[in-house]
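Novice: Before we start, here is the structure in question, set down as structure tokens.
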Amino acid sequence: MELTHFDEEGRARMVDVSAKAETTRVATARGKVEMQAETLERIRSGQIAKGDVLAVAQVAGIMAAKQTSNVIPMCHPLAITGAKLNFEIVPPGTIEIEGIVKVTGKTGVEMEALTAVSVAALTIYDMCKAIDKTMVISDIRLMEKTGGKSGHFIREDHLKSTT
């Protein structure tokens with residue numbers, strides 16, 4: 001498989017997508033934050049001094065999706081048409097994060113979905129670190145993507161979780 005972010009001399013470049021067709025593209029990413037059970041209970045009950053952790057993480061993730069090209073060097077700036085973050089509380093101490101990003105464009109939104117989940121997780125960590133420095137952010141991964149020349153990708157464990 002060819003790495004397209006390098007030219008013939010091995011120098012970095014942003015891929016030219018001008019000849020690609022505009023299609024609807026959707027990407028779903030997931031990750032999780034593991035914490036002490038007491039921390040999760042304080043998030044659930046609104047007992048975190050910095051505010052509503054999941055509401056702030058949701059906004060942070062959406063904002064991050066829109067800014068992905070500013071932090072990932074070879075990412076194209078995209079006019080995202082939709083971004084959504086979902087959180088699932090899994091006792092005793094896990095928050096699972098799902099990010100779904102959509103665009104009609106010439107390149108996919110995988111990096112935007114991954115960035116949304118990553119920043120949402122980092123926001124949860126930031127807002128709770130005063131009471132729990134043992135939190136672990138993990139398993140950030142692309143679950144599914146549709147649209148574009150490379151077609152439909154679906155991670156096997158995502159297929160199992162949606163059936």
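Placement of Cβ uses the backbone N, Cα and C atoms for every residue, glycine included.
Checked Swiss-Prot, it gives:
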{"type": "ACT_SITE", "residues": "Asp126", "note": "active site"}
{"type": "BINDING", "residues": "Met74, Cys75, His76, Met111, Glu112", "note": "substrate binding site"}
Novice: For Glu112 (substrate binding site) and the residue listed as 'active site', what Cα-Cα distance in Å is obtained after rounding to a whole number?
Specialist: 21
Novice: For a quick check of understanding: among the recorded positions Met74, Cys75, Met111, Glu112, Asp126, which residue's Cβ has the most other Cβ atoms within 10 Å?
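Specialist: Buried the deepest by this measure is Glu112.
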Novice: What other residues of this chain sit with their CB within 8 A of the center of the CB atoms of Met74, Cys75, His76, Met111, Glu112, the recorded substrate site?
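Specialist: Those within range, site residues removed, are Thr68, Ser69, Ile72, Leu78, Thr107.
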Novice: What is the number of other Cβ atoms found within 10 Å of the Cβ of His76 (substrate binding site)?
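Specialist: A count of 16.
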Novice: Which of the three DSSP-derived classes (helix, strand, coil) applies to Cys75 (substrate binding site)?
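Specialist: In three-state terms, Cys75 (substrate binding site) counts as coil.
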Novice: Just checking a number: largest C-alpha distance across Met74, Cys75, His76, Met111, Glu112 for the substrate site, rounded to a whole Å.
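Specialist: Binding-site diameter by Cα atoms for substrate: 12 Å.
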Novice: Could you state the whole-number distance in Å separating the C-alpha atoms of Cys75 (substrate binding site) and Asp126 (active site)?
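Specialist: A Cα-Cα distance of 26 Å.
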Novice: Measuring CA to CA, name the entry from the binding-site residues Met74, His76, Met111 that ends up nearest Asp126 (active site).
Specialist: Met111
